[in-house]
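Encoded as structure tokens, the structure appears first; notes follow it.
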């Protein structure tokens, strides 16, 4: 005959009278409470949410466009006007933040990409040649600025493709264009101080005009705000560099 065993198990969280006595005497640890799953709460119905400014703020550009024929908004003039305002802001931000890198162009591209750029776009052109260390230093600065200020257009072109027989001694050269006109030119790396940094280049570019635009300040950013932002970035870099130096010296 087989050996059969029956193991009795209490309901999870339950205890016998003997267990209760032993727990009171301190012979057994307190029994953990029975696991209770969280109560089910259905996801909120989007149509039942209150339609206010925060409701509009959480919509994407595509969703705001779809709300154009929403009958509820037709009855709420303020909310409809706010929807239009938010949609316009989103479209403006998308329009402004359309660059973000230093684009290579040829001589045949110059008129289309630079001279015929929209009036609200500032264009920074670097004339360069491969193999010139000074050109490489300035190019690295411009690549960082292009990422930080994607509403400003940065392009690079080999100097002699842009201006035949352009002297190598003038490299690198920066040209600043706006509304089909040259607004500034900076010849040689010395134009940006003894040590060429992205912050130094930014300050030179914004000496008289708000050349740099991050796409977050509207189509007419303040030159003062740009310069203050550049100064903050420079200070943060200096502080971070000193902290790294302190960490290195303390570990020796």
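Here the Cβ of each residue, glycine as well, is placed from N, Cα and C on the backbone.
Record features, source TrEMBL:
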REGION    22-72  region 'Disordered'
COMPBIAS  29-41  compositional bias 'Pro residues'
COMPBIAS  48-61  compositional bias 'Basic and acidic residues'
COMPBIAS  62-72  compositional bias 'Acidic residues'
DOMAIN    70-187  domain 'Phosducin'
What is the number of residues in the domain 'Phosducin' (70-187) that are helix, strand and coil, as DSSP sees it?
56 helix, 29 strand, 33 coil
Based on DSSP, tally up the residues of the compositional bias 'Pro residues' (29-41) by helix, strand and coil.
0 helix, 0 strand, 13 coil
